[in-house]
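Q: Pasting the relevant annotations from Swiss-Prot:
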{"type": "ACT_SITE", "residues": "T7", "note": "active site"}
{"type": "BINDING", "residues": "G162, C165, T168", "note": "Na(+) binding site"}
Amino acid sequence: MEQYHGTTIVSVRRGNQVALGGDGQVTLGNIVMKGTARKVRRIYNGKVLVGFAGSTADAFSLLDRFEAKLEKYQGNLTRAAVDLAKDWRSDRALRRLEAMLITADKDTTLVITGNGDVLDPEGGIAAIGSGGAYAQSAAKALVENTELPPKDVVEKALTIAGELCIYTNTNFVIETLD
């Protein structure tokens, strides 16, 4: 069976603002199955942003677990992320899940991987997915050379990724926190 491929998720933190955005394309083999998927969401009463890349079903499973961890730790993003990563790495069924998450609250941005990694990105920029390297490079250049707010940086970075990565489109969902 073919795998679902691709997406681009990027987060930019500047000053007291953070933006997290993603494209809407879901690809199966060489066919675009959907162009309007919503891979960026607000959770925990709108206080936490989360974006996911990888297998859609796996990502939703992880998203549900992450929300439960946030409730358990009363919104403490770091503790919830570390606990999820620990479960993800040690649980035999979870270990097979193929997805990555970027999470952000008003203070912290984290990348959570299936290897058990919880990464605090340097420079306030994080990106995952098939177009992640393009988006991260573009965001880094924009942050270092402009005064654009995070939402605009995310939009421009996603646009560049969409022009270069065949698994990324230009139908964006961007969420922000101040």
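Backbone N, Cα and C atoms are what each Cβ position is placed from, and that goes for glycine too.
Neighbours and distances for these, please.
A: Taking the Cβ of T7 (active site) as centre and 10 Å as the limit, one finds 32 other Cβ atoms among all the protein chains shown. Under the three-state DSSP scheme, T7 (active site) falls in the coil class.
For the recorded site, C165 (Na(+) binding site), the DSSP three-state label reads coil. Sequence-distant neighbours of C165 (Na(+) binding site) (same chain, 6+ apart, CB under 8 A from its CB) are G6, T8, S130, G131, Y134.
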Q: Please give me the CB contact count at 10 A for T168 (Na(+) binding site), counting all chains in the structure.
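A: Counting Cβ neighbours of T168 (Na(+) binding site) within 10 Å gives 29.
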Q: Could you list the residues of the same chain, at least six apart in sequence, whose Cβ is under 8 A from the Cβ of G162 (Na(+) binding site)?
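A: Once residues fewer than 6 apart are set aside, G162 (Na(+) binding site) is near T8, D23, G131, T168, N169, T170.
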